[in-house]
Amino acid sequence: MSERKFFGTDGIRGKVGSGQMTPELALKLGWAAGRVLSRSGTKKVIIGKDTRISGYMFESALEAGLSAAGLNVMLMGPMPTPAVAYLTRTFRAEAGVVISASHNPYYDNGIKFFSTDGSKLDDNLELEIEAELEKPLVCVESHLLGKVSRIEDARGRYIEYCKGNFPADQTLTGLKIVVDCAHGATYHIAPAVFRELGAEVIAIGDKPNGVNINDKVGATSMAKICETVLAETADLGIALDGDGDRIMMVNSKGEVIDGDQILYILACDAKARGVLRGGVVGTLMSNLGLDLALQALDIPFARSKVGDRYVMELLKELDWRIGGENSGHILNLDHGTTGDGIVAGILVLAAMRRQNATLEQLTAPMEMLPQVLVNVRFEGEHDPLSSDKVKAAQAQVESELGVRGRVLLRKSGTEPLIRVMVEGDDHNTVLAHANLIADAVKSAS
């Protein structure tokens, strides 16, 4: 595959106004994408965004570029990433575009594309778009320019879709739920979904102002929702990230329920209903406790590289349906084509209702093992992981941990760091083992 200049594993992302994230590039990107997408299909593209102040600027630039290439544009306004994927499918659009940097701060932004079926755009199409970016922008003739319209009922369509994933014979009546929208794209969606299903909802992180997205709220900053669940004596909390593709939960004791535990709940529920196809895909960072808990139920478990893109690839390769990351990206291919925080929350609530159980009861059989991560900086071009000293330290630790422990050593893809991760039954022992390996890495640096 050719080397990419613009697209990363999750579209284009960076600090606004520098590097690639400029209105100039967005205009050219819209035109280049329009050139590629106009070769077939409906010549219709949907654009959604999160609540960052820069979203308006990039939306206008993309809209102009796509129109200049002859594509019609349908604007959704602030909507979650999975909503763009869903409406791209239902409108039979040629593509969907999301303007978001997900869980990053407001001063970052990004652009990514969905294909007509709501999945991430094919690698070859991204390379074709990159090739067009190298050409001068030439506008189509005036009578061929694309038209721009707004999807006025986008919010209502997506709310109904989300609710459709909950059993029709059940309600959430009697449940008090804290919902944290991260001041992001779900602020006008998530509280409504859970209220319309019958829950009493206390919304936080639901007042975006353009610069407060993910700021001390949301799935990457759990302190506030944990405090609110306890203060309001709520049954549980649901925390989403800025673009709504990630979820973390909180039980009534104020304890965080992460992506691994959510995967366990969904797998158990699917197995109990006889609808589990194959097993569960996690990542190299998934807690060993998930692996062991699924083993006890004879549910296969496989690990992909870190990143929801790689989880999806392995799910498709194995023809399984459920997978995700401990960070809260949850994929259930029976309920969508991409990670969807609201839908994942609904599926957990459905499991609670079906089993007449609390969140604590559903996660109780899964023991989360202590996990320690140590980052070791190294200098030079050599690879510390090839050192005999490091290999010997790893072998010693793995021997002492046995089947109830795990060691993972990997290089950072962005910094000169070796990440040392150790899991086991006892935190102090795990910490000592991690430091032992880290010291070996340092001495080999």
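Each Cβ is built from the backbone N, Cα and C atoms, and glycine gets one as well.
What Swiss-Prot records for the Mg(2+) site is Asp241, Asp243, Asp245, and among Ser102, Ser386, Ser387, Ser399 the residue it adds there is Ser102. In sequence order, Pro80, Thr81, Pro82, Ser102, Asp308, His329, Thr338, Gly339, Asp340, Gly341 are the residues of the chain that are 6 or more apart from Asp245 (Mg(2+) binding site) and have a CB within less than 8 Å of its CB.
Those same-chain residues not listed among Ser102, Asp241, Asp243, Asp245 yet with C-beta within 8 angstroms of the centroid of the Mg(2+) site C-beta atoms are Asp50, Pro80, Thr81, Ser100, His103, Gly184, Ala185, Leu240, Gly242, Gly244, Arg246, Gly339, Gly341.
Taking the Cβ of Asp243 (Mg(2+) binding site) as centre and 10 Å as the limit, one finds 35 other Cβ atoms among all the protein chains shown.
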